[in-house]
Amino acid sequence: MNPHAKLITSMSLLLGTTITISSNHWVMAWTGLEINTLAIIPLISKSHHPRAIEAAIKYFLVQAAASALILLSSTINAWCTGQWDITQMTHPISCLLLTAAIAMKLGLVPFHFWFPEALQGSPLTTALLLSTAMKFPPITIMLLTSNSLDPTLLTTMAIASTALGGWMGLNQTQTRKILAFSSISHLGWMAATIAYNPKLALLAFYLYVTMTATVFFTLNATKTLNLSTAMTSWTKAPMLNAMFMLTLLSLAGLPPLTGFLPKWLILHELTKQGMTPMATIIAILSLLGLFFYLRLAYYSTITLPPNSTNHMKRWHMNKPATPPIAILTSLSISLLPLSPMILTTI
């Protein structure tokens, strides 16, 4: 991609995100979301592969529909109440439409179909942006309007996302699709608690971004796109692969790793709110996700490659692990002891 084009798209992404998270008027928030959508499309389609073009079209259509729904819900609310303020969403139809629109933006079930396809058609760096940075503006709107969102619809989508994210990830062999379904499952956990404790949902999002960024950076460093190449990745960077296994287990939510913290706090919050059955259901459904994380960890770290591989083995990486990978890996593995300090802030 042309360096000037890359600079313009990067600056547009930053501008769109900043406008959305700092606005208190619905039209400004919508403008920021549209700038974001238009800025990421060249990054998705830059390889000019048919799958990349298909991913870009799917992404554009879904995001445009979601933005139109946000504009419709805010217009209905302004028509009935005279308020354009984001925090003053009170009309019931507007609240329902807004919940559906944000779910579409994030990729919650049943609006999830576009997300695995968009990730699979994108390069790893763009897939990282789609899984992390592009979810920040909708999560911010969700946080600001947490009192207005429809709780029944949100709870239903949270359980469905946790279930489907784990279930659909079981038979995947492409790492980007596995991480897409992992993202859907994690978003289900955030949606489960955002109506009761928005700060906790934001903490869960931050930790999810840290762990997912670590996984994407590691996959990009070892050029691992599917499970068959994951089997030979240990030869390129053995220490990086050992840390990759720990990061995957952290993403699965196993103690004493960082990923256990948000799940533990969310289950505690749901139990405190008298929603013990829901807490039990999503805790059981997270075992599905644990299975495919363990499978990915097993393939990348424990399994020796078969003798008859169809691709050339690469015995060395082109460049060593970079400082960002080292810092993110440390955060993804060892933040649990800081939980008392984190608990005082939420």
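Cβ coordinates come from backbone N, Cα and C, glycine included.
If you check TrEMBL, you get these features:
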type: DOMAIN; residues: 23-288; note: domain 'NADH:quinone oxidoreductase/Mrp antiporter transmembrane'
type: DOMAIN; residues: 290-343; note: domain 'NADH dehydrogenase subunit 2 C-terminal'
type: TRANSMEM; residues: 56-79; note: transmembrane segment
type: TRANSMEM; residues: 91-115; note: transmembrane segment
type: TRANSMEM; residues: 152-171; note: transmembrane segment
type: TRANSMEM; residues: 178-196; note: transmembrane segment
type: TRANSMEM; residues: 202-219; note: transmembrane segment
type: TRANSMEM; residues: 240-258; note: transmembrane segment
type: TRANSMEM; residues: 278-300; note: transmembrane segment
type: TRANSMEM; residues: 321-343; note: transmembrane segment
Arithmetic mean of per-residue pLDDT over the domain 'NADH dehydrogenase subunit 2 C-terminal' (290-343): 75
Region pair the transmembrane segment (321-343) / the transmembrane segment (240-258), three or more CB pairs under 8 Å: yes
